[in-house]
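Okay, so here's the structure we're looking at.
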Amino acid sequence: MPQNLPHFYRGRFSVAPMLDWTTRHCRYFHRQFSKHALLYTEMVTAPAIIHAKYDHLDFDLQENPVALQLGGSDPEQLKYCAKLAEERGYHEINLNVGCPSDRVQNGMFGACLMAKADLVADCVEQMQSAVKIPVTVKTRIGIDELDSYEFLCDFIEKVQGKGCQEFIIHARKAWLSGLSPKENREIPPLDYIRVYQLKRDFPHLTIAINGGIKTIEEMKQHLQYVDGVMVGREAYQNPSLLGQIDQALFDPNAPIVTAHEAVESMLPYIEQQLSQGIHLNHIVRHILGAFQNCKGARQWRRYLSENAFKQGAGIEVVETALSFVES
C-alpha cells in the first residue's frame, strides 16, 4: 500500500508573478512539469479588471492551482475583483506590496504600500470578507530608509491583525526611486536571515521566502526555516528545474518530468489555441528556455525564433524544433 504523503503548505513551492512572463500560456507550460507547484498570474490592477475592454481573468482551469496577484489600494475595488476571481476558479488572491516601479507607485500600489500598513490591512480585510479562498500578501523586507526589522514586524503585525495569515517575503528592501525594477531585484542585498527571524517571531503565520533562489538544494535549505519558497526568473529561464520539484519537495515517488515530455504534452494545447486565433509566437516565447544546457538547445531556440512569428505558423514549427533536441 502506498504511504500517505505528508500535508504540505499549499505554497511550499511557487513560481513568482512576473510581468509579461507568467501569462496563461506560460503557466500552462509550467503546469506540465509539476502537479504541485503554485503558479501566479502576472500582476493585474484592480482598475484594469473593472474597466478593461477584454478579460484579464481568463485562464484554463487545468493551470490550477493558480493565484491571482492584484495591484491596488482601494479596498472596495479589490473586494470586487477578489470575488470575481473566486467565481472564475482561482485558488488564491495575492496583494502586491512589493513592486517598486514608478508606474506602480503612481497608481498607489506595490511596495510603496509598505508605508501604509493600515490601508493594506483594510484591503485584506475587505477581500477576505468577500471570498473563502486564501488572501495573501507579497512584500519586501523594507523600503527606502524604512528598513529596520521593527518596521517589518510592525507592518506584519498590523496586516495579520486584520486576518492575513500568509505572507510571501522578497528578502530584499526596495528603493522607491533611483533604481529600476530590474536593479531593485539585484542591487539591494538579500537578507534571508531576517525572513527566518520573522517566522520565528510569528510562528503562527505562514511565511514563504523569495529572492535569488535557483537550486533544489537552496530550496531545501530555506524550507528548514520557513514554510514555502517562491522562485522567479530561474523557473522561467530554466523551466526544466520545475520538472524536479514534485519529487524533491512533495512526493519522493513522483516522476521527474523532462523538458521533452513537457513540450510534447503542450502540443494539444498549442493546437487548441491556434484554432482560436492565438498567434504561435505568443505561446512559444515562453518555451524557448526549455532545453537550457541540453544538446540541440541553440537550434531549438533559433528555429522557433526565426519561424514562430511568421504568418500562418502552426504546430509543425514546434514539432520541427523539437526534432533538434534529444529526448
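Cβ atoms are placed via backbone N, Cα and C, with glycine included.
Among the candidates Lys35, Lys132, Lys138, the residue that Swiss-Prot names alongside Pro17, Met18, Leu19, Gln69, His170, Asn210, Gly211, Gly212, Gly232, Arg233 for the FMN site is Lys138.
Considering only the binding-site residues Pro17, Leu19, Lys138, Asn210, Arg233, Asn96 (site 'Interacts with tRNA') has Lys138 as its nearest partner by CA-CA distance.
The binding-site residues close to Arg185 (site 'Interacts with tRNA'), defined as a CA atom within 10 A of its CA, are Gly212 out of Leu19, Lys138, Gly212. Taking all protein chains in view, 26 other C-beta atoms sit within 10 angstroms of the C-beta of Pro17 (FMN binding site). DSSP classifies Leu19 (FMN binding site) as coil under the three-state reduction. The FMN-binding residues named in the record, Pro17, Met18, Leu19, Gln69, Lys138, His170, Asn210, Gly211, Gly212, Gly232, Arg233, extend over a maximum Cα to Cα distance of 20 Å.
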